[in-house]
């Protein structure tokens, strides 16, 4: 067969898309077409920040039906989403309550309990995963302690992409790359860790053994009656994005830039040393047994909230205004946990500047400048941390995802990090999702083979660092931990 048609369902924390890929195996050309885009946002339910899971499923099905109604024969479907959140099911496979978002405050104070009762080094030794207060391990503990009546109804817990695959196929699956984000998977066995799971109060019977990307979960029956395989892709969206990052060699780092920024490198081994623990480095699962050694950064969430609060719709105009302002007048630590979900992001940023005796950003452009400069400096700090961890400097940084369209931030990143930046592709998560599907269909050999396809089909933009830039001069002065409460604290 010359042509393959694969559908990627790519769900982010603010929007979702159903994308159709067309792959020409003879010429190795790959094109994407957006079929359906929809909003994903939090809602308040019984005092919790929850996801409208039924609306998301409705939009997924609508997108799939749109493809089928075009008369296109779909070869496979794959689903990727954000990590850590989950859906609870009862014995009949029916949903128990609505899934609570990781941005809900129910986990406040939970992580410190684990550090005392299990021990920080012991948790890290078992999981290799960074300490974030909203990790699934702490969400489950909050669930079982705060909602025992709801907990008593639970027979299964599925992570978000696995839930949607289940709804399409009727088959349950626990995909490995996303499972590792829970901080509940043992890094040595690739299975759920009994000690960590027991601490949450959840039952091990709620979960099946994690499966690696590339297996067929089951079939979705389209309106025309065709059975279409649903593939377990690298279902954590960052895992998919990394697959599509055209990393040149072992000296290339990546930055998946979106609501969250995730900076790291690929490795065949995990890093679980005391130094890695001190730096709060995570070792998330990747395709083909690779590890994604990385750190989470709050990312463009801060800007997204400011845009929403200020009702700004013309981002290019705002960026142009921002670029005209002097650099580094207002600096914050984007990873301060005060920015996870404040009532007023603008006021929170202003308060952080005021508390550190800096000028206070007032205009929208000043707020954006504060965010961009602070992110770029934090990127530089973390890239240096990662280089020290592995004992080798990086020579190139690949920025992928929606944030790679921000030319100003890309250049600031290059200047601060002092290395060449390659930006693109934008649709990295979708492409990585498609890549695993094509491998499962025996159209491609492996991840490296797929990256060659990506490089041949998608143009990258190069940013050369300017060592004389204002932000480059601020790198040594930047103290990202000067605010009081880091995400991992």
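Using N, Cα and C of the backbone, Cβ positions are placed for all residues, glycine too.
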Recorded ATP site member, picked from 109, 119, 170, 402, that accompanies 13, 14, 15, 16, 17, 259, 304 in Swiss-Prot
402
Residue from 173, 186, 296 that Swiss-Prot also lists as binding substrate with 83, 236, 237, 238
296
Counting across all protein chains present, how many other Cβ atoms fall within 10 Å of the Cβ of residue 402 (ATP binding site)?
18
At 10 angstroms around each C-beta, which of the binding-site residues 14, 296 has the fewest other C-beta atoms nearby?
14
For 68, 370, 413, 417, listed as disulfide-bonded residues, tell me which one has the smallest number of other Cβ atoms within 10 Å.
68
Densest Cβ environment (other Cβ within 10 Å) across the recorded positions 13, 222, 353 belongs to 13
Same-chain shell around substrate excluding 83, 236, 237, 238, 296, C-beta within 8 angstroms of the CB centroid, reads 82, 178, 181, 239, 256, 260, 262, 284
Could you check which of these recorded positions, 15, 17, 237, 304, sit within 10 Å of residue 83 (substrate binding site), going Cα to Cα?
237
Find the shortest Cα-Cα separation between residue 304 (ATP binding site) and the recorded positions 68, 222, 296, 370, and name the residue that gives it.
370
